[in-house]
Structure formats: structure tokens, C-alpha cells
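Visitor: Below you'll find the structure I mean.
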């Protein structure tokens, strides 16, 4: 049943590259076969509940710009928001969604009331998932917006805050499991510090390690089959966050014995904030064996902060999905649009148009990545570049020779290597030919 919020807009369909309709897909065809699999099953698109339905259009210099009928801290408003959200998922044809607890329920007076509200909304979500076929990609807890978390959640100097956060995560894992969620995400927006003058860094890291171990223990206790994911980000809102980037997260997981239990959810905008490219973070996660899922968006490259815009750069998407395909594709993960409208984009159809453009961009990137993979366009030059390591001497260097023996080989064989071209310009041109 229509809520009326989207007027007479019909379900978005694939019309092909010649379509000029802003409410149709030009490149995203869910049933198109790419590398033997449906495009929908490769991309596994999800809509972010928070940016799409909870964000009000504010910024540090001004308040709300959007006028939505569900903007109040009442249970009835949360129920209306759920109706509109699932109508949107169905219109868009998105197979998944993601949410924080605070996105979907009113803020209660205490933990018990928060949990009761969350469970009431989960009752509604269960019915709507059954009616629409839309599934939950991942759930998470908002451990950063409420003022109780201003000094962190797991890393807070007050053990009562740690306990409240832990109980909240338990309720959110329960909700995620009940809804058939395929992952559970932890993002530490307040897990870090503003100044070392009032921070015991070592203690806070140990607290965070304990917190994550509790999450993993509870996952196994209740039989939750989903993947636990950490989402790296270097700063914002905190000056320095402990989950800075993929490399930092991996070091943290290794220290606390969790590298085989937890993977990463990588956001393009966060990679940029950390001084990396998106494909760098994806490639590193793949190399370290912790690749899990992605949040798709982009940042304004001039502003220097996290703008969470919809993706529109096809070459960037091609290189990102190339790494995803090299990792074997998504298993429990997917492509969550952690992207929001610009605060002047007020109309309901703007929300559809933003997602349509992002989905088309990702589809083009996926197809380009698949073609490069099939043709060996990047892998063949890479194999040639490292071919020497497949020879006898290269293998011995990695497996058996001591430093003395290597030195003897260099002297005996008069090894005097000459540099070879890295062919970067050629490879950049190759990528552009595919997009």
C-alpha cells in the first residue's frame, strides 16, 4: 500500500543506455549475466536507512532543510518512516537495506525503553521483509550520537558507558539475527581522542579489544552466522580514531586475537580521508584476508571532510570492483549506499534519482572490471612484471637462502640488475579504454 510520499512514481526499471528518463536505469540491469552471475547478485545493493530517512539536511552552520512527516521522536512516526522506507526499497528494486538502532526507533528514557521500541520496529520489519522480499544486509548500533558517548563507547573513561554500549550492541545483534541480517557492523566514531592530555591510550585500546571480544563471543553463543565487520575511518567526528584505516584495524585485530573472526567494511569516503584511494584499501583488505563489504559514496575532493555524496566516477568504480572481483566477490557483504542527498535536494524523487545514478555508475564499473579481468588486461602485465619471482632463484630468495648465501650468489653470478619500465601510463590508458 502506497504511503503517498512518492506520489505516482512507478517502480524503477531498466530501460537501457538510450533512455532519457531520470527515473529509469540505463546501465543497471539486475538480470544481466556478468562472469556467470546476475548483476544483482554481484553488486548486492543496499540502502542506508540513516542518510535516506533519518538525516534532516543539517550541517554545522544550519539546521534541518528537509520536511518529512516522520520527523519526531514518537513511535507512530517511526512506524510511518518504516512504511516509507520499504516503499522506497520496493520502488528502487534494492535487494537489501542497513540500519542503526537509533535510525529506526524513538529515543527512550533508558536502555529498557530503547530495547522495547527497537523490538516493536523489528516486528514491523519482519512483516515488511516477508511482504517485499527485501533483506537486511547489516545492522549496527549508534554508539556516537547520544551525549553519553561524547567520550567514546567501548573506550569511555566511565565503565557505566561501556556497559550501556555493550548492552545496546547485544540488543542490536539480537535484532540483526532475528531479521536474517548477513553481517553486523561496528563503527567507532567516538572511539579515539581529541587530546592525549586526558587520554590513557593503552587502556582505551584494551577496552576496545575487550569489547570486540565480547561481541564475537556473543555471536557464537547465539549462533549468529553473519560476519562481524569493523568500518575504518581516520577522524570525524573524533580528531583521531583508533580504527584509522585497514592496516590499523588489521594490527588491532592481530593484537587482540581477532583476525580470523572480524573483517572490514570499507567506505570510499573514509579511505580518502585516510589519504588512500578506495582501491588501495580494498586491495590491502584482500591481501590481509579481511575483506568483507563496502560502503559506496564519494567525497568532495576539495573540501577535506566526509561529504557522503553518491558515486559518479566510473573509472574509480571500475578499479574498486576489480579488487572486489579479485577477492572472489562478496559473500555476506555487499554495496551499501552510505550516501545522502545534498541539503538543497528537497524533493522525494531526488532520493530515487541519487540512488539510480549511483547504481548505474556501479553497474558500469562492475562491467568494466569484469571485462578487464576476463581479458587479462591488468593481470597479464602484472604477471610479466613479477615473473622473475616464479623462477628458481626468486623462489629460493623467499624460502631458503640466508643473507650470506644471497650475497655469494650476487658475487658469483655478477648480478647487476637494470631497471625496467613500470608502464604506468600504458596501464592507465588501458583502464580508460574499458570504461
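Note that Cβ sites are derived from N, Cα and C of the backbone, with glycine treated the same way.
Residues or ranges marked as active site in Swiss-Prot: 100, 103. Annotation comment: Swiss-Prot describes 231, 267, 295, 338 as Mg(2+) 1 binding site. As annotated by Swiss-Prot, Mg(2+) 2 binding site applies to 267, 270, 306, 308, with the evidence given as sequence analysis.
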Visitor: Quick one, of the recorded positions 100, 270, which Cβ has the fewest other Cβ within 10 Å?
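Guide: Comparing Cβ neighbour counts within 10 Å for the recorded positions 100, 270 gives 100.
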Visitor: Tell me which of the binding-site residues 231, 295, 338 ends up closest to residue 308 (Mg(2+) 2 binding site) in space, Cα to Cα.
Guide: 338
Visitor: Round to the nearest Å and give the CA-to-CA distance linking residue 295 (Mg(2+) 1 binding site) with residue 100 (active site).
Guide: 14
Visitor: Which of 267, 306, 338 has the fewest nearby Cβ atoms, counting only those within 10 Å, among these binding-site residues?
Guide: 306
Visitor: Suppose we draw a 10 Å sphere around the Cβ of residue 308 (Mg(2+) 2 binding site). How many other Cβ atoms does it contain, all chains included?
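Guide: Residue 308 (Mg(2+) 2 binding site) is surrounded by 21 other Cβ atoms within 10 Å.
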Visitor: Determine the Cβ neighbour count for residue 103 (active site): the number of other Cβ atoms within 10 Å of its Cβ.
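Guide: Its Cβ has 22 other Cβ atoms within 10 Å.
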Visitor: Name the residues of the same chain, 6+ apart in sequence, whose Cβ is under 8 Å from the Cβ of residue 231 (Mg(2+) 1 binding site)?
Guide: 185, 186, 187, 243, 264, 265, 266, 267, 270, 295
Visitor: Determine which residues of this chain, when 267, 270, 306, 308 are set aside, have a Cβ within 8 Å of the centroid of the Mg(2+) 2 site's Cβ atoms, and list them as they appear in the sequence.
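Guide: Other same-chain residues near the Mg(2+) 2 site: 233, 268, 269, 272, 273, 295, 297, 299, 338.
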Visitor: Around the C-beta of residue 295 (Mg(2+) 1 binding site), how many further C-beta atoms are within 10 angstroms, looking at every protein chain?
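Guide: Residue 295 (Mg(2+) 1 binding site): 24 neighbouring Cβ atoms within 10 Å.
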Visitor: For residue 338 (Mg(2+) 1 binding site), what is the secondary structure by DSSP, using just helix, strand and coil?
Guide: coil
Visitor: Neighbourhood of the Mg(2+) 1 site (231, 267, 295, 338): other residues with Cβ within 8 Å of the Cβ centroid, in order?
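Guide: Along the chain, the qualifying residues are 187, 265, 266, 268, 269, 270, 294, 296, 297, 336.
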Visitor: Kindly assign residue 306 (Mg(2+) 2 binding site) to one of the three DSSP-derived states: helix, strand or coil.
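Guide: The three-state answer is coil.
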